[in-house]
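Taken straight from Swiss-Prot:
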type     : residues           : note
COMPBIAS : 1-10               : compositional bias 'Basic and acidic residues'
REGION   : 1-20               : region 'Disordered'
BINDING  : 443, 449, 488, 492 : [4Fe-4S] cluster binding site
BINDING  : 492                : siroheme binding site
């Protein structure tokens, strides 16, 4: 018998990462979290629990603005938790929102709510002493935060298209079904946060807590899923591990099935050429009745073949690289018990939200409110958080958080439209903004993210102000360029699908990437490395001047810089993302 490893499993020759031990020894994700909750000597979690709380939807953070000051005073960092709610499709009820708002005001260090591009909300700054209260509140509201972080299938995205209301409802139901189907089966979340019950690993019922899909070591790495309805790519489909592109049956008007695309992901590590961003690849088409079986088969293939030795190469895109796309498809088909059909034709033309009012085919109105970087907080001149609360008090429909960090006041009856608009205008939820700002995005970064290398959310408004001036200077202010800033290369701001992407390198310095496109189907290439925001604006001034005068009719900025040779396209990131021969040494 040959000892040769099955293709894709060569990583098994190396020691497993310590995270694999942690998961296996975690008592089905319980760890000793309850003991840490009783420890008042520290505001954080110790040992394995620091990682385990991520499976419950939380990250331990601290205020980096005052970290050095507290260190000088011999104090531990001001520790607190980020919580990310599980909210497949981003739909939330006004009565739920009122309670979510109250908790943020009463218990959140920053007194804000952050809408994320994973189509949910986050709390930043929740002290350890309030964590059980927070989870019990979510439970009372019919919500939870299980599996919104760490090595699981995270919050499932779904197109927020309010116009085709019946089709959207179908897509939303599938997003919920996929989310529920891929959840962990353990009761650990409920035991720790709701009942506060300590369960020992020897307890007999633990043997029944089987994880038939995720396994007892769960997935090798984070896993992101989206459901999308063309032609609007409002979930940034190509950035996700697993994607379901809804195909409409033209006879019935209902969903016939899904094109399945896999292996997207935008994170990489500065200087590590074994890491790279990539767009999702076409796997095949499945009829709607086989959706869950396809999802499960893809996930279990990643579970069994994904790299558990090197977490930097553990995402699905690396598994596909190791197995080859054809090899991966064959393994998924074997588990699924059927072959994929040929991809059905589809096209994406844009991906931003439709800011303002739109009317659905069901005659209901939907108001999309622009929320810069998703931050709902009350500022003296812009009390957005209170505005949302006031809307929640009177709105009879629902809210939909979008994957572009905005929020839709959905299902407004004709007779209620004026009241909703008046409140939204009063609190700045309707205001004049440029198309450039509408299509900009940032991650949180400083002061709460421990991975941040440079500012992101806090510099985006001023950066867009300056870029708007450049656009006006060159008479292209009616157009827009998809612009995104992320504070480190982990990719939370999705800069690796932008026409202009800034990736934090050090405090005040960024790598500038150019050449993505409006539809979000292309990775931008590194153009300038380790430069300041002022230097970036200077570079963009010259490039936008050329775009304004030399572009073809309707040509986007990202397409233009490729066509005229300012930047070379990223054709296959596995091969050419890091190719130094393709990176400009001087501006063209």
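Including glycine, each Cβ sits where the backbone N, Cα and C put it.
These numbers come from a predicted model, not from an experiment.
Here the features listed in Swiss-Prot are placed on the structure.
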residue	record	Cβ within 10 Å
443	[4Fe-4S] cluster binding site	26
449	[4Fe-4S] cluster binding site	21
488	[4Fe-4S] cluster binding site	22
492	[4Fe-4S] cluster binding site	22
Checklist entry - According to DSSP, does residue 443 ([4Fe-4S] cluster binding site) fall in a helix, a strand, or coil? => result coil
Checklist entry - Given the [4Fe-4S] cluster site residues 443, 449, 488, 492, which other residues of that chain have a Cβ within 8 Å of the mean position of their Cβ atoms, reported in sequence order? => result 444, 445, 451, 452, 456, 486, 487, 490, 491, 493, 504
